[in-house]
Amino acid sequence: MLASVPAPRPAKKDSAASRRKSASKSTGAAVKDGSSARVSASGAAESPKQSCAQVHGVDFQSLVHATQEETLRAVVSSLPTTGLQATQIGRARQLVQQILHHRSPEDRVFLAYTSNMISCGLRDTFTYLARERLVDCFISSAGGIEEDVIKCGGSTLLGQFGQDGRALRRRGINRIGNLLVPNDNYCWFEDFFTPVLESVQEAQRASRWKTHTAPSEIIEAMGAAIAKNHPDTCTSSLVYWCYRNGISVFSPAFTDGSMGDMIYFYNFSHKGLVVDPLEDVVRLRKLAAKERGRNLAIVLGGGLPKHHLLRNVPMDAVVMVTTGLEADGCVSSGVLADDVACGLLREETETVRVQGDATVVFPLMLIAETAATREGAAA
């Protein structure tokens, strides 16, 4: 027969009285020293009031009878003291206001953006900045150039994020997030861009190919072509206003898009067209290397535009907006410590990084401060 195994004795439950007794023993030493159990658990409290602002948000009760403009300004001016990413947006807004409206005449302002910023409605915002000469240099990928020009020939429409890509493709519609671009827009762009390439190659031929053409020169030629051939729609274009106001536009990945396809196929029938991106690296560095003034940047999104700008231009102040995460381990998502470690930023660079969607937060940063909102933020 198997020997019977005694059942395990149930664990003794602590009573409330025993728990209180145990807690009393653990804090006894602190009580004998004249301190409380609370201080023993969390450490001595220090008051940071002298160096830190108090957290508070929007008092909507005081805005019940306010106008829409007054309410909007109250919301925006409350961002710095709201906490979390709202505070970052508020700090970024204050720095953007300084960069755009309170800089010295010798300072240079750079704006780097990803192509989706032009595909969406931020194109109108960038156009305003170029029209008012608030930015001295724009940097983007190929899509950030061609999508701007394409909108002069056809509209980009609002769709939905979940629309079936295969069904749209069969209908001749391209989808960028929840934005829809008909194929006809790209056909229009091909008809527009090919004569630009022909004029560029003719200039190279006239010089007996002693000079090469930089992407920024092709972009400038595109601005001139918009002004000449599409006067009714040119004023909506960032490329046009940069051409008209003499603002540099650089696209280091100029062939990574529809323009690259067209240059590729163009060279089958028109041999000898040379596009030299190194010319633009020299121009960008010369622009940033002036003896007087500071280099100031607004970086919307990451990837190539951010990396190309920051690796070539030593910055004095930078505002960054990104949806990337540090876990990605790429330049698009790098936190400030990563950018300093990689040499993209100097330790002394004044920097504000916002984790958020630029389509939402950047327009808020452009709302000008009044004397009242500045006083409210300071309080």
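Cβ from N, Cα, C; glycine included.
From a predicted model like this one, the values you see are computed outputs, not experimental measurements.
Residues or ranges marked as region 'Disordered' in Swiss-Prot: 1-48.
Positions annotated as compositional bias 'Low complexity' by Swiss-Prot: 36-47.
Within 10 Å of the C-beta atom of Ala142 (NAD(+) binding site) sit 21 other C-beta atoms, taking all shown protein chains into account. Residues or ranges marked as NAD(+) binding site by Swiss-Prot on the basis of similarity to another entry: 115-119, 141-143, Glu147, Asp256, Gly302, 323-324, 357-358.
The Cβ of Asp339 (spermidine binding site) lies under 8 Å from the Cβ of Leu310, Val331, Leu345, Thr351, each of these being in the same chain and 6 or more residues away along the sequence. For the recorded site, Asp339 (spermidine binding site), the DSSP three-state label reads helix. Residues or ranges marked as spermidine binding site in Swiss-Prot: Glu146, Glu147, Asp261, His307, Gly329, Cys330, Val331, Asp338, Asp339, Val340, Ala341, Cys342, Gly343, Leu344.
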Candidate with the highest Cβ count within 10 Å, taken from the binding-site residues Ser115, Ser119: Ser115
Candidates Met117, Ala142, Gly302, Gly324, Ala358 (binding-site residues) - the one closest to Asp261 (spermidine binding site) by CA: Ala142
DSSP-derived structure type at Glu147 (NAD(+) binding site), helix or strand or else coil: helix
10 Å Cα neighbourhood of Glu146 (spermidine binding site): matching binding-site residues from Met117, Gly302, Gly324, Ala358: none
Cα-Cα distance linking Gly302 (NAD(+) binding site) and Gly329 (spermidine binding site), given in Å to the nearest integer: 12
